[in-house]
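The structure appears below as structure tokens.
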Amino acid sequence: MDETTVNGGRRASDVVVFAFPRHGHMSPMLQFSKRLVSKGLRVTFLITTSATESLRLNLPPSSSLDLQVISDVPESNDIATLEGYLRSFKATVSKTLADFIDGIGNPPKFIVYDSVMPWVQEVARGRGLDAAPFFTQSSAVNHILNHVYGGSLSIPAPENTAVSLPSMPVLQAEDLPAFPDDPEVVMNFMTSQFSNFQDAKWIFFNTFDQLECKKQSQVVNWMADRWPIKTVGPTIPSAYLDDGRLEDDRAFGLNLLKPEDGKNTRQWQWLDSKDTASVLYISFGSLAILQEEQVKELAYFLKDTNLSFLWVLRDSELQKLPHNFVQETSHRGLVVNWCSQLQVLSHRAVSCFVTHCGWNSTLEALSLGVPMVAIPQWVDQTTNAKFVADVWRVGVRVKKKDERIVTKEELEASIRQVVQGEGRNEFKHNAIKWKKLAKEAVDEGGSSDKNIEEFVKTIA
């Protein structure tokens, strides 16, 4: 399939930004692209055909970001396994990306690529272009995975193992990144991000200095002393962070799906009717598939409690709910298949975020001052949960007695600790502190703003 355009003819660009075709990777890199545009760069955001089929792009008409599409349709049938898909993706996209660059009369000066696609650097440099990786995980997770890549750390670690890494708090085995499915393939995929780390002139991290440069964890400082790392986050729409410095930047402009307008309106009417800090917001991201037993345990807790809740549950997960749960809890609960998470987290009625601790969700909660109850599932979420509970002190991590599920009783103990327990004031105080520091980082003259400005000056 030939390259196509999303918003008109192909325009000359200073920078091409290319994300791996998954929602959690594209959203922060799309937001980073908007920041570059706001500082005067001409930016092309490159997406693949599979992304256009699974995601809704809805940038405002005023956006000057150039969206272009290249094919990732596999040339082989070897995509039944994750390993086969990744191999086919690399083979196909290496070629279509090269063709895209070759087809530009006035080529860009720079490519910013998703760090999970390190081979993009080879494609770029083969055509005389500079390239830089953009890491969508926290600095702490990058630090851990880099040590795994270098051979000084093995994952999974034996139970009850204490892990000490430079400029990090002591970690237990349960705090390390977890790869329950296809562990060898996923591990290789995640650690390959560091295969050409030493060759980059710029390395972008979606975090902010204050968040990972405090006493318990100075990992940004430690890594920046060794590599050209620049923090550029949080990559969240301007309306929620720096008082709308970016025009019309009220949403990511990228959704997995969108409900009917009537249903969307009902969510906000329902939230508006609730008291301040009275609603639990529950969401486990776009990829997590919970065991039916786990969904039921959470439902049993919500049914028996007196707390109001907004629960985002994909259509494929609804069948796991107990019979008549939605009807029996409708007087104080709402179950939806989609919502604007930023709008929900910024609503005065929300008291707590029950989350899987994906990095985007964690950053959004920190940036909007919302305490968390962490129920991590896999990959980086376990490490993020450790920092939420023990380093940033903005919530708790649910303790499991059974490795398979979190019970109703364990959920109740953790959630009540955050919304009603003695520590609730500390959690909220810390959440507000991080909200303030996140805003300062991206505001004019803040640490992330300065780093972006420095990059722009080398390109313009």
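Any Cβ shown, glycine's included, is placed from N, Cα and C.
Since this is a predicted model, take the numbers as computed values, not measurements.
Record check, Swiss-Prot: UDP-alpha-D-glucose site residues include C339, Q341, W359, N360, S361, E364, D380, Q381, and the candidate from S278, S286, S414, S447 also listed there is S286. Among the recorded positions listed here, namely H25, S286, N360, E364, H25 has its C-alpha nearest to that of D114 (active site, charge relay). Annotation for Q381 (UDP-alpha-D-glucose binding site): same-chain Cβ neighbours under 8 Å, separated by at least 6 residues, are A178, H356, C357, G358, A374. Counting neighbouring Cβ atoms within 10 Å of each of the recorded positions (D114, E364), the lowest count belongs to D114.
Here the C-alpha separation of S286 (UDP-alpha-D-glucose binding site) and H25 (active site, proton acceptor) works out to 12 Å. If you take the Cα of E364 (UDP-alpha-D-glucose binding site) and the Cα of H25 (active site, proton acceptor), they are about 14 angstrom apart, rounded to a whole number.
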